[in-house]
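Following: one structure in structure tokens, then a few remarks.
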Amino acid sequence: MGQVHLHNRSFNKATSAGFLIALGIVYGDIGTSPLYAMQAIVRGQGGLANLSESFILGAVSLVIWTLTLITTVKYVLIALKADNHHEGGIFSLFTLVRRMRKWLIVPAMIGGATLLADGALTPAVTVTSAIEGLRGVTHVYSNQTTVMVTTLIILAFLFLIQRFGASLVGRLFGPIMFIWFGFLGVSGLINSFLDLSILKAINPYYAIHLLFSPENKAGFFILGSIFLVTTGAEALYSDLGHVGRGNIYVSWPFVKICIILSYCGQGAWLLAHRGEHIEKLNPFFAVLPDNMVIYVVILSTLAAIIASQALISGSFTLVSEAIRLKLLPLFKIYYPGQTLGQLYIPAVNFALWVTTSFFVLYFKTSEHMEAAYSLAITITMLMTTTLLTYFLIQKGTPKIAIAFISIGLFCIEGSFFAASLVQFINGAYIVVLIALAIIFVMFIWNKSHKIVMKYIKSLNINEYKNQLNALRHDESYDLYQTNVVYLTSKMDHEWIDRSILYSILDKRPKRAECYWFVNVKVTDEPYTSEYKVDMMDTDFIVRVNLYLGFRMRQEVPRYLRTIVTDLMESGRLPRQHQHYSITPGRKVGDFRFVVVEEKLMNARQMPGFERFVLQTKAQIKRITASPIRWFGLQFSEVTVETVPLVLSDVRNLEIHERLEQVDETEAPATN
């Protein structure tokens, strides 16, 4: 859920309001894991009848220390310090370290893709797990179809309201999650009194012992189920900019205590009832009195919806960052909220809705979804650790500390990844295939941009200033527009895309009073909004470099209005008097934006792989948004022109005139 990014003085500060906001945004995923994590652990052992005291203590101990080592140590104590001007997440981390090694784009792409794929499964498993609590309400629950239909209706409603923004209901998220965590803590504490020996689980001995114990039927692979307790840790880092480091530091101890108490309460209940035969057991709901189940189902459903909303909003943010980093194609982006960061991407919303609904229909139960859940997020965490290692190197952290942290995290997360591999055949392959598809698109888009930059030819604009000056005074040509603006992807000092000058001078001479060449540069800082102007020693050629952060909207006309006003007030740009206008004394003329698109020709000199990449990109572009909407040009006068990408490879086809008389019957006539 988008929020206004925080200023320096408030980023490290904790407030009561910030505490509630953090509960509503950051902890939805990790806070709903008690709904299904212990259920997966019990099922992996073969059910309640097969549980021993040492197994239960070991399982709860693994839960406690997984939350401690992964969430607390890695994310809260280490990753939160790796902020990019107060923003977190894998792409923010990548922008901090991408200049250290070119290949670091690989873990960034893999981590981003698996995080997006995981975001499609999380709403399905959390909402389904909550609704399955109805199994304990006989007059409501009839069969699993009831759960599936209810889940699909809730998800449909959730995705349909995205276009209106989350701000209307977002203010309720914090108080609801406060009640949710309070319930987890209180109910867990009460149930812990069923068998206080559960407190032994704090000792890591029981966790280590269980991994090698013959009583553990799943063996090492139990870690695949254990990892479910910390799948939301990555979201904690991604939402850093939304709530601030101070609020996370204060709220996480409260959240962690409540979650651990919930697991301890479930563990104590299992100790008190071990040896019993209960089918389709979910300890989370089993610990409740019958008359409370329906109310807890409602509360857990609200918590699941909030967790899903946070992941959906996070997916929008992740995609928008990938677009600005040239890792994904352009998609239509809307900003339904009034605060910076609230955005809505219809294509992503629809894809998530379809994929999430498919997961509900395909897996049917939360038990089956859990089997596919954790593999993708373990990959994301490994990629984050890779980037985090280079961040520590960049910051000058002592080598021994880097080695200790990195090797430790790689060993722990590598173990979870290896244990989760067994889930591949149980459904995780679907999530992996989705992630691979996203990685493929990212690779094509990023690689194609590099190829295009290689083939685009540049010309020195100084050599054409006289022609442009002559053209603007040549009244034999109609005035094309007072101001003609070209958006260029490549502009280096006085060098400019050949295709742009080709459009102005060759394709159809475009007479104008002023020629603008605008290049948008995405900065490593998230919220930069600056510009640099070069008049090229003229008053009719303006080169503009827009420096926009990777989380800023690239709405060129809005920025250009400010730049024009600044230039005229400083006397660098002549005033453009308008005789006809509804605005008295208007000093700025009309504008036309020209978007030049390079199209791939059948370039014989281009290697086959490069041709494949560009042809694939062309097919992908057919289903994505145009630059017109991306750059905010939909309400401006716009001309889209097409030029061949490889101008240097255009050759004249050889053909010779036949001198002898040709019989008219030799060739059919064409009309």
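The backbone N, Cα and C atoms fix where each Cβ goes, glycine too.
Keep in mind that what you see is a predicted model, and the values were worked out from it rather than measured.
Per Swiss-Prot, these features apply:
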type	residues	note
TRANSMEM	18-38	transmembrane segment
TRANSMEM	60-80	transmembrane segment
TRANSMEM	103-123	transmembrane segment
TRANSMEM	149-169	transmembrane segment
TRANSMEM	173-193	transmembrane segment
TRANSMEM	218-238	transmembrane segment
TRANSMEM	252-272	transmembrane segment
TRANSMEM	292-312	transmembrane segment
TRANSMEM	343-363	transmembrane segment
TRANSMEM	373-393	transmembrane segment
TRANSMEM	402-422	transmembrane segment
TRANSMEM	424-444	transmembrane segment
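The transmembrane segment (173-193) makes contact with the transmembrane segment (18-38), as judged by at least three Cβ pairs under 8 Å among residues 6 or more apart in sequence.
The listed stretches are 18-38, 103-123, 218-238, 292-312, 402-422; of these, 103-123 has the most Cβ pairs under 8 Å to the transmembrane segment (343-363). Contact count against the transmembrane segment (402-422) (Cβ pairs under 8 Å) is highest for 60-80, out of 18-38, 60-80, 103-123. In this chain, the transmembrane segment (373-393) lies apart from the transmembrane segment (252-272): fewer than three C-beta pairs between them fall below 8 angstroms, excluding pairs fewer than 6 positions apart. Taking pairs at least six residues apart, the transmembrane segment (60-80) and the transmembrane segment (292-312) share fewer than three Cβ pairs below 8 Å and do not count as touching. Two recorded stretches are said to be in contact when at least 3 C-beta pairs lie under 8 angstroms, sequence spacing 6 or more; the transmembrane segment (252-272) and the transmembrane segment (103-123) fall short of this definition. For the transmembrane segment (292-312), the list of distant contacts is 1, 24-26, 28-29, 31-32, 35, 119, 122-123, 126-127, 129-131, 133-134, 136-137, 140, 154-155, 158-159, 162, 166, 173, 176-177, 179-180, 183, 232, 235, 239, 285, 349, 352: same-chain residues at least six beyond its ends, Cβ to Cβ under 8 Å. Below 8 angstroms of C-beta separation, residues 1, 3, 10, 59, 63, 71, 122, 125-126, 129-130, 170, 172-178, 180-181, 184, 225-226, 228-233, 235-236, 239, 242-244, 246-248, 250-251, 255, 259, 262-263, 266-267, 270, 282-284, 300, 303-304, 306-311, 366, 370 of the same chain, each at least six residues beyond the ends of the transmembrane segment (18-38), sit close to that stretch.
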